[in-house]
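**Student:** Feature annotation from TrEMBL assigns signal peptide to 1-24. The feature disulfide bond is assigned by TrEMBL to 33-126, 80-132, 81-134.
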């Protein structure tokens, strides 16, 4: 009897542990979509290169993500859509044009890009299931971000967007 109780206890504990997010991952709610990601891991990689990246930004008076309220007051129903667009934006535009002569910085950028790619895929699945509805407000906010980005030289815009990654991460964590 004691052996079966011990087995049941160990089995229950292993099942419970399998349900927990792995490697510091947390579950984030973007509207109806639930995505597991490690913001801590992304933030750690970014923090290691933040000063280097921001020092490369020649235009400090302009912001791509903070342009008057680009990410402020996004309705919960629009969170999935704008997050989906932002992760696509970072993977498809920003990380492709962020290369430096510093191999350490490039490795960190690559690591962050891989994390974004993983989240992009998860958000893409949610979007394909029509859970990620794009309202007019989220579309306008994202279009403003794109206009800010496309108004600059591609390399400068990519570096500036990467340098603003903490704005995006803060926004994600606040809305958790």
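FYI, residue positions are counted from 1 along the chain as it appears here.
Cβ coordinates come from backbone N, Cα and C, glycine included.
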**Student:** Tell me the Cβ contacts of residue 33 (disulfide bond) under 8 Å, same chain only and six or more apart in sequence, or just say none.
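**Tutor:** The list for residue 33 (disulfide bond) reads 80, 122, 123, 126, 131, 132, given in order along the sequence.
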**Student:** Considering the disulfide-bonded residues 132, 134, which residue's Cβ sits among the greatest number of other Cβ atoms within 10 Å?
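**Tutor:** Comparing the disulfide-bonded residues 132, 134, the most crowded Cβ belongs to 132.
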**Student:** Measuring CB to CB from residue 81 (disulfide bond), give everything in the same chain under 8 Å that is also at least six residues away in sequence.
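**Tutor:** Those within reach of residue 81 (disulfide bond), by Cβ under 8 Å and sequence separation of 6 or more, are 31, 127, 132, 133, 134, 135, 138, 139, 142.
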**Student:** Just to verify: the residue among 80, 126 with the fewest other Cβ atoms within 10 Å, which of the disulfide-bonded residues is it?
**Tutor:** 126
